[in-house]
């Protein structure tokens, strides 16, 4: 790896993290705005045009609040909790393919923090570590309510991760690859996985709601039963980190959903646009502009799913804890296994027939 | 015993497959909420836009002048007596020669103060006043105060400005209704609140 390559790689990684943070920041604004609109209100509209400076105002408020650590809490773990939550959420964004490649002077720059062969495994591994942020925070608070909340949150996250992984296996069987870039390029030409895996998609999106601790699965922060859940003792920017991590998680899972099921940066008529642009503007410029359009399409899809999260939040009430566990273990996991069997049969018997018929 | 016709037989029957599938119900719910997303907002951006409060609203106090610009108040003290919160106090003085253009009667209020922390805006002072001097405006609030010396309002804030006289458009329910209809039709524009002098 020479120096230019190293520098471009670093720049891309920084850009990916910065972009994730900015999107998460504005998700907090969008959440309040969507909440307002759905409840026939305006939402924040004082700080900046249309309330666009609201995230900065909120951050300023959180920084100036008293930074409180309970006397009996384990000080270092107490600080480590929110940091872990933030870190794991942010790390998962590294492998998301935002677009295809940029071409500058013959160099190919992939719009992806890390091009990994095991992208999807990496995402699941890192997202699974998010439980530690919650567990450590709840344990270090030295408070029964926090600990109970943390245990609830952990058991919820773990049980939904099982169903999530199982629903994903069907996708992996179809694409026979673990690389996110590969999965996206296989969905080229409107050949999106959602058309083959509707059941898997429903299971996956339900589980990602639970993974992000979003309504209707926001049991970890159930104020009515547990005072405040795992972050009862947290305030100021430490609480802000926990909440911010939730929004980063939301963006990451929206991006993963759009990559796995909605073709990432693919859109119908992509080849035609590409050939038009390259013939009109030259190979390099045309290619780059086509890439930018693809990236915009990707963000459109991801932002739609962020909106979907918020839309659902202001529609469905919270589950009861036993209902949550019932749904996870007794409904979603059997359904996911059923989906795997069906997909396996289709891949084994149907696919050779169809390919033979097409040829 | 049946008390109303609205009672409904509670049943414990099994849900149908459609209901148990849960997702159709969620889709219906999502459709309802997204309709509200595009619905008209009820919000009024308050400090910039003010809603008309209606002709019977009791807001900030005003001491009226008559049509020649003379103060109507004769410092009889009936408003202070009628005031259940004891918010009004005044000092009476006698009109001197040459002050006929300022005060309508021989006696006038040299000092007239309303303690805005005590006032409950009941309107009894209005009713008690035999000279039709004190009113509660129907179109203005008392502005928020943050300092102690802003609490007690003297004559400088209470006596009406002849360039911007206060009139009440509607006195009965029927008149108010007619006026509201006109206002809805756009014939009458909203009352523009006057700045506190």
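For all residues, glycine too, the Cβ spot is worked out from N, Cα and C.
Just so you know, TrEMBL annotations are computer predictions that nobody has curated.
Same-chain residues at least 6 positions away in sequence with a Cβ under 8 Å from that of residue B:76 ([4Fe-4S] cluster 1 binding site) are, in sequence order, B:107, B:130, B:131. Among the features that TrEMBL reports, [4Fe-4S] cluster 1 binding site is placed at B:73, B:76, B:79, B:129.
According to DSSP, residue B:125 ([4Fe-4S] cluster 2 binding site) is assigned to a helical segment. Sequence-distant neighbours of residue B:125 ([4Fe-4S] cluster 2 binding site): residues of the same chain at least 6 apart with a C-beta under 8 Å from its C-beta are B:61, B:79, B:80, B:82, B:83, B:88, B:134, B:136. As annotated by TrEMBL, [4Fe-4S] cluster 2 binding site applies to B:83, B:119, B:122, B:125.
Under DSSP, residues within the domain '4Fe-4S ferredoxin-type' (B:63-93) fall into helix, strand and coil as 5 helix, 9 strand, 17 coil. According to TrEMBL, the feature domain '4Fe-4S ferredoxin-type' maps to B:63-93 (among others).
For B:110-139 (among others), the entry in TrEMBL reads domain '4Fe-4S ferredoxin-type'.
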Additional residues around [4Fe-4S] cluster 2, ordered along the sequence, whose Cβ is within 8 Å of the centroid of B:83, B:119, B:122, B:125:
B:79, B:82, B:84, B:85, B:87, B:88, B:114, B:120, B:121, B:123, B:124
To test your reading of the [4Fe-4S] cluster 1 site: which residues beyond B:73, B:76, B:79, B:129, same chain only, put their Cβ within 8 Å of the Cβ centroid of those residues?
B:74, B:75, B:77, B:78, B:109, B:125, B:128, B:130, B:131, B:133, B:134
Of all the binding-site residues given, B:73, B:79, B:119, B:122, B:129, which has the fewest Cβ neighbours within 10 Å once its own Cβ is left out?
B:122
Return the count of C-beta atoms lying within 10 angstroms of the C-beta of residue B:83 ([4Fe-4S] cluster 2 binding site), excluding that atom itself.
20
Which whole-number mean pLDDT does the model give the domain '4Fe-4S ferredoxin-type' (B:110-139)?
91
